[in-house]
Amino acid sequence: MPISISITRYSSFLIALKTPDCSLKRLLLFSTFSSVAAEKFLTHLQKDESNVEKNLDSVSAKLDSRCITQVLERCAIDKPKLGVRFFIWAALHPTYRHTSYMYEKACKLLDVERNPQVITDVIDEYRAEGFVVSVKMFKVVLSLCRAAKDANLGLWVLRKMKEFNCRPDTVSYNVVIRLLIEKARLDEAMGLIREMGLIDLYPDMVTYVSIIKGFCDAGRLEDAVGLVKVMKGHGCVPNAVVYSTLLDGMCKHVSLEMALEFLGTMEKENGESKPNVVTYTTMIKGFVEKGRAMEALKVLDRMDSSGIKPNTVTFVAILDGFCKEGHLEEAYKLIDKFSGDELQYDELYSMLVMSLLRAGKHKESEKTFRMMLARGMRPSGLASSRIIKSVISEGRVLDGFILFDALKKSGELPAIDSDVYSVLLAGLCEENHFTEAAKLIHIMVEGKLQIKSSHTEKIIKHLNISGENDLASSVSSIKR
DNA sequence: GGTAGTGCCG
């Protein structure tokens, strides 16, 4: 591989194999070259490891998610702690904000779930250096714990805050409470809520929703209802979120009839406590989950008379129910009735295609998809991807390609998963449909679409053996 | 400021 030895701006190492015992097998893929910004940050990060944040402050480079990912990818190889410090520093940067997606990505790259010590080590490092850690920084660390779903780590960090003379606020507590609840550690969560009172913090709406949901999920409806009373007693007026959570618990653990009755009392409320689209969707899901999709229709009518418009989630719930219970005619009727200003025929039919697939009705789903194409509708990228994949997995590669080609001919291609392209291309080549393969490659080149280089090796080998050398080199040109 | 309830995607 005579590539890139001379390239100094290397980086963006992708660790393809993550198990710790195969560090030698780490594949260094020069997929995307790191940005100048990432290089600058990396240089300053490694300059003087005892003054990390100060060094970073002096860097003048644009901070964005791509650049952060690149820095983390590099740090993950042998300096995960520096990666954590960089991530925390970046969160406080005035021109940048991490999304929840970035928190998850950082956790994955730095492997916090398997190696929580990387977090505790960083906190201990701050302490040893006498670094002043703010509440804001601790909240970033707590969000990392949340992304890693590590309740013990969250608890540890919350305790550490005192040592840094940081007073956790309600949000800090809420994050840890939610983590405990996700692990069904309800008593400990209640303990933290009590502890809040001792330092003059009060549980807020978010705290109550979390713990009420915890009790509902555990089937402890009486406790959940008791908490609603407690919050009212504290002057915290329950809103639609609180009541929807309770309604969900009733659907799952008591009865749909009681939930309906409760919905009725909500409908008589005013302002923030009135049912909204989520409340009605929860009720609809309740019916669907108990195999009573037809009755969900009545809820839809009730929603309409309250002036609440159903959204995508509402439709997915009902369509899922109809498909599972075999009420296809009802599904079509529903779509006819509701397609209009909010949601188009295309979107609703695409949802139906997805619902049919989820219900295991692949034939019906493909039929609906073909009907869409025949009537000039535009299926969503997701529906198209799933249908083509499903057809290929049944061993009908050529059919999959014909569907793809029909989509292409009907106008602009929807956003299809990149792995659909690689699966389709591999299938066509394997079955020696070289004309179609060439057509697909042509479309990909035209649309600047690339497939993972790891997927191309077998294809190229097969093409070379078959004497299709031109095609083989075309495939090389679209690998990423 | 970005932690909560239906659910999908990044």
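Quick reminder: no glycine exception, Cβ is built from N, Cα and C everywhere.
Because TrEMBL annotations are produced automatically, they should be read as predictions rather than curated entries.
As annotated by TrEMBL, repeat 'PPR' applies to A:169-203, A:204-238, A:239-273, A:276-310, A:311-341, A:345-379, A:417-451.
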(message) If we skip the immediate neighbours and take only residues 6+ beyond the ends of the repeat 'PPR' (A:311-341), which ones have a Cβ under 8 Å from one of its Cβ atoms?
(response) 277, 280-281, 284-285, 287-288, 291, 293-294, 296-297, 300, 303, 347-349, 351-352, 354-356, 358-359, 361, 364
(request) For the repeat 'PPR' (A:417-451), could you work out the same-chain residues 6 or more beyond its ends whose Cβ comes under 8 Å from its Cβ atoms? (result) 381, 385, 388-389, 392, 397-398, 400-401, 404-405, 408, 458-459, 462-463, 466, 468, 471, 474-475, 477-480
(request) Would you mind splitting the repeat 'PPR' (A:417-451) into helix, strand and coil residue counts from DSSP? (result) 26 helix, 1 strand, 8 coil
(message) For a three-state summary based on DSSP, what are the helix, strand and coil counts in the repeat 'PPR' (A:276-310)?
(response) 26 helix, 0 strand, 9 coil
(request) With DSSP as the reference, give the number of residues of the repeat 'PPR' (A:204-238) in helix, strand and coil. (result) 26 helix, 0 strand, 9 coil
(message) Just to be sure I understand, if DSSP states are collapsed into helix, strand and coil, how many residues of the repeat 'PPR' (A:311-341) fall in each?
(response) 25 helix, 0 strand, 6 coil
(request) Kindly report the helix/strand/coil residue split of the repeat 'PPR' (A:169-203) according to DSSP, in that order. (result) 26 helix, 0 strand, 9 coil
(message) Please list the DSSP helix, strand and coil residue counts for the repeat 'PPR' (A:239-273).
(response) 29 helix, 0 strand, 6 coil
(message) I'm checking region-level scores; what's the whole-number mean pLDDT for the repeat 'PPR' (A:276-310)?
(response) 96
(request) Summarise the repeat 'PPR' (A:345-379) by DSSP state, stating how many residues are helix, strand and coil. (result) 27 helix, 0 strand, 8 coil
